[in-house]
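As given in Swiss-Prot:
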{"type": "BINDING", "residues": "72, 105, 168", "note": "Zn(2+) 1 binding site"}
{"type": "ACT_SITE", "residues": "74", "note": "active site"}
{"type": "BINDING", "residues": "105, 140, 354", "note": "Zn(2+) 2 binding site"}
{"type": "ACT_SITE", "residues": "139", "note": "active site, proton acceptor"}
């Protein structure tokens, strides 16, 4: 085992960012560090603070097309510190890997894009179009005051993004083997099924909402929503939480609360899913309240300049072809895509994200910066 230092510029900047314990929604100076680097190469820096969230819109150039790198400085909590090999906010290199919370998600990507942009601007100081950074500290949290608020601000002044590259850790086994060229939509239901509380010995004087809801939940879980298509897998519904009862064994509960989530393809809409669920509730003659939380539309970036440039970059730097996919969770790309921007995600291997001992291969950080630089050259040269 080695604990050698590493002088790669991407690694060094990643270490500086990891050392700032920016647990969501805190930024802890990460954006200030990035802003200093960007201002030095001609970027206009526009902080946007909404409530407890720190955001930054940085732009170099006044003309289109606009290439935007979107990312976040916040990280998830470290969890059980005793299970970490090294302190999560003390970046440490061990056997070619950089350990620390945020190494892969996504401070490595932030550092790689900063260094890539510095190199690109040094070579092409008069590049056409514009380069922008949209950075938030509210991606891992409730995502209320982050990217969505920045996009609202940009839309209000008709400032459009042409291409958005999101630095989420898209890779699976090796850097660049997978890019995300779309994401499924996300829709969450909070359902309350009403009954009548009573003593378990006198069921005729009560109305058990768990018993009433069980056939509905069985049918809900077995419903086939769609077949998906060539870009998206079939729509998935998963029950996430069920809560009913007082904790006592002799009390029939008065209500049952169920939370379930759809990850849906472009073959259906949120409205169709809501209509089908509520029709099912009615068919089972349930007394219920339901509220819906819309978390994002599905989006897809097909063939075109952004996907072409990314494929070319990965092939040139790594020597293999990437696989565009739409699987996985949501990202802040869902807030950017509705503006008409083409959105793609490319970042490090995601095997350790949100886990203890999160890490990234240091060679991947440098390769990621090279990929980002080639993408810039393909789009803005």
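Glycine is no exception: its Cβ is also placed from the backbone N, Cα and C atoms.
Swiss-Prot feature annotations superimposed on the structure.
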residue : record                       : CB count, 10 Å
72      : Zn(2+) 1 binding site        : 33
74      : active site                  : 25
105     : Zn(2+) 1 binding site        : 26
139     : active site, proton acceptor : 26
140     : Zn(2+) 2 binding site        : 22
168     : Zn(2+) 1 binding site        : 29
354     : Zn(2+) 2 binding site        : 14
Helix, strand or coil for residue 105 (Zn(2+) 1 binding site)? Use DSSP. helix
Measuring Cα to Cα, how many Å separate residue 72 (Zn(2+) 1 binding site) from residue 139 (active site, proton acceptor)? 6
Neighbours of the residue listed as 'active site' among recorded positions 105, 139, 140, 168, 354 (C-alpha cutoff 10 angstroms), in sequence order, are 105, 139, 140
Measuring CA to CA, name the entry from the recorded positions 105, 139, 168 that ends up nearest residue 354 (Zn(2+) 2 binding site). 105
Given residue 139 (active site, proton acceptor) and residue 105 (Zn(2+) 1 binding site), what distance in Å do their CA atoms have, once rounded to a whole number? 11
Cα-Cα separation of residue 105 (Zn(2+) 1 binding site) and residue 140 (Zn(2+) 2 binding site), in Å? 10
Could you name the residues, excluding 105, 140, 354, of the same chain that surround the Zn(2+) 2 site, i.e. Cβ within 8 Å of the Cβ centre of those residues, in sequence order? 75, 76, 102, 106, 353
Using the Cβ center of 72, 105, 168 as the Zn(2+) 1 site position, which other residues in that chain lie within 8 Å, going by their Cβ? 71, 106, 109, 139, 140, 166, 167, 169, 331, 347, 353
Euclidean distance between Cα atoms of residue 168 (Zn(2+) 1 binding site) and residue 140 (Zn(2+) 2 binding site), Å: 12
